[in-house]
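Quick notes on the structure that follows.
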Amino acid sequence: MRHVLSLVYKCSVFSKQVTVFSNHLRLSHSQQWGSNKLHRKIKIPNPFREIIMADPKIEEILAPLRANVKEQGDLVRKLKEEKAPEIDIKKAVAELKTRKKILEDKELSLAPAEDLFDRAKMEDLIKRRFFYDQSFAIYGGITGQFDFGPMGCALKSNMIHLWKKFFILQEQMLEVECSILTPEPVLKASGHVERFADLMTKDIKTGECFRLDHLIKGHLEKIKSDKNTKIELKAEIEDILIKLDGMNADEMSALMKRFEMKSPISGNDLTPPIEFNLMFNTQIGPSGLVKGFLRPETAQGIFVNFKRLLEFNQGRLPFAAAQIGNSFRNEISPRSGLLRVREFTMCEIEHFCDVKEHPKFESVKNTQSLLYSADNQEQGKPADLTTIGDAVCKGIVNNETLGYFMARIHMYMLAVGIDPKRLRFRQHMGNEMAHYACDCWDAECLSSYGWIECVGCADRSAYDLTQHTKATGIRLAAEKKLPAPKQIEVVEAIANNGRIGKAFKKDSQAINDTLATLDNAALEEMQKELDSNGEYTLITARGEFKLTPSLVNVKKTQKTIHVEEIIPSVIEPSFGVGRILYCILEHNFRMREGDEQRTYFSLPPTVAPMKCVVLPLSGNAEFQPFVRDLSQELITVDVSHKVDDSSGSIGRRYARTDELGVPYAVTVDFDTIKEPHTVTLRERDSMRQVRLPMADVPTVVRDLSNSKILWSDVEQKYPKFEQQETVKGTSV
């Protein structure tokens, strides 16, 4: 971990010197609907806000725009405090987004640009070396589905292995593997059946579907880019695009009619907007009677197993459960490679706790991160570089447990190769919060596609356990020992089981289970209804049933308790492996200075697909025993590697392994044959080499790959390699 800690330290020191310019990346050209965007270079803005702030003339231009955003942000807060009508709040939020976008665009236009990023070259390298490619390509491919090749699989596997060490091992989490097929009642209770949907429209003749917001955006951007479009209309379109995310079905439908939108593929008319649930539905079993879905997240499997996990943990809180697996979302129009797909791997943690202090918070409180709070977004301010400890102390981050996991996420992202200058945490604003969350921060990475959400860290409170308790009648709760016994008033439903059994037969169990879950408020409401109306309608998982005083009554008693029942809160870090993997590749894509055709990935050794390559200098038969011995010794110490004894110059073979992101290369040459047997070890990024005893190679490469030592340590210990002393058995 030495390399990782060094990187974190360097990031922390470096970050103190700059304030990062946190804007939403905007591509240099509009993305045309359905166009091939591969063959173009993309201008990535300089992420440093310090450059802008240092120029008073630039800040003078931005000051009134910041004031406009702050003014509107204050109005939004005021409307919320006054509990104004929802429509008024929505309009105010839409206007706030408009002003934010104007400010961000102006900041972006004033910021100096970094070098052009050649996405085409990177994607060519990814495809040519088979990191990943479109699934079923020989049949034309399926949009939003990808197959990982040998290098992609190894990179992904190493990322997950490091994730397990960072979280499961370090925090002693309970790992589970739950079913992908999920019965409908589970996802009804969680809210996914009702709320997990996007608006779409269809080609009335071909039936081809389009995600509505993407269709509108593509159509309007095409009009906007037309040189014949009037300035007034361009300005109006810009305003519409900014407000698009907050529009409902009626507003989008009006835009379709006004701009006479047709299918971008066929030119045919389109249907009115319809809601499309993003979950893949299926039938479980041959009868077709059991409806199910492919899970949209791995979390629900953990929640429904809460009682078993709590029991495994001897009934104690806090504890965390983790799961790694695939989830599925039937995206209407997947795009942007691995960033929006229909099948993806997630690493999710559910941390169950009753108090939100964390025992390890002290160890991470000085971690510096770039935080883009909801308040800063509303005020038109940039993200702040601050410590997690200060953020929790000031109430920017809700609690210690949430802050602890944000710090650990930050460290993990740096360890796998994310550029610290292009990493931030952005807090969800109230209008974009998921239905289950009371606070949420996304770890976002800046890429050529913009700021990409890669990790969500949500405070789900007790939402999920409460919902599943209501749906099943089974208490998903923990017991907490009280420091001293206390007297409480207990309100409970006393059921006449005999009469309920005769009256409702097979439904009697569902009735009794539901009665057991009613809280005091519901029981008091029941008593009120029974007294005034002579009956009470009980809603259960099997339907509604009318109960009378002869079947049930409500009783209040005094009771001494030694423990209290609590439904724990949940902090959920959720990692999108594919998105992180893509950002790692983009952040580590390099071109050799002076030779742009020599591209490679500067991946950290910890996650590199292979740790080293063994290369004989030529096809000389004398090299083969040494190559075999080296390979076997590397296998013995668990170092993944390959032997490249193909024809071609040593330089060409170095370049080939650099493309794969292999950090080290061991070369067997004529000096190896002599005693003592030595080889050269080459480092990928610097291309520098040292000469070391052949027997040292396995241990050195293993320790480099595990970040126990750095390349600088190796250079200090072993002599620099200039040239071999022997050529075909003759000393130079």
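Every residue gets a Cβ built from N, Cα and C, even glycine.
Among the features that Swiss-Prot reports, transit peptide is placed at 1-27.
Taken from Swiss-Prot, the feature domain 'WHEP-TRS' applies to 61-117.
Taking a C-beta cut-off of under 8 Å and a sequence gap of six or more, E572 (glycine binding site) has these contacts in its own chain: A299, E348, I349, E350, H351, G456, C457, A458, D459, R460. A strand conformation is recorded for E572 (glycine binding site) in the three-state DSSP classification. Taken from Swiss-Prot, the feature glycine binding site applies to E297, E348, E572, P573, S574.
Residues near N330 (ATP binding site) in space but far in sequence (CB under 8 A, at least 6 apart, same chain), listed by position: F276, N277, L278, M279, F280, R342. The ATP binding site annotation in Swiss-Prot covers R329, N330, E331, R340, V341, E453, C454, R579 and rests on similarity to another entry.
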I want to check the contact list for R579 (ATP binding site): same chain, sequence separation of six or more, C-beta distance under 8 angstroms. What comes out?
L338, L339, C445, I452, E453, C454
Between R329 (ATP binding site) and S574 (glycine binding site): CA-CA distance (Å):
15
Restricting to the chain of R340 (ATP binding site) and a gap of 6 or more, list residues whose Cβ falls under 8 Å of its Cβ, or answer none.
G144, E331, P334
Sparsest-packed among the binding-site residues, when each Cβ's other Cβ atoms within 10 Å are tallied, from E297, E331, E348, E453
E453
Intrachain C-beta neighbours of V341 (ATP binding site), sequence separation six or more, cut-off 8 angstroms
G144, Q145, F146, E331, P334, G578
Count the other Cβ atoms sitting within 10 Å of the Cβ of P573 (glycine binding site), across every protein chain shown.
24
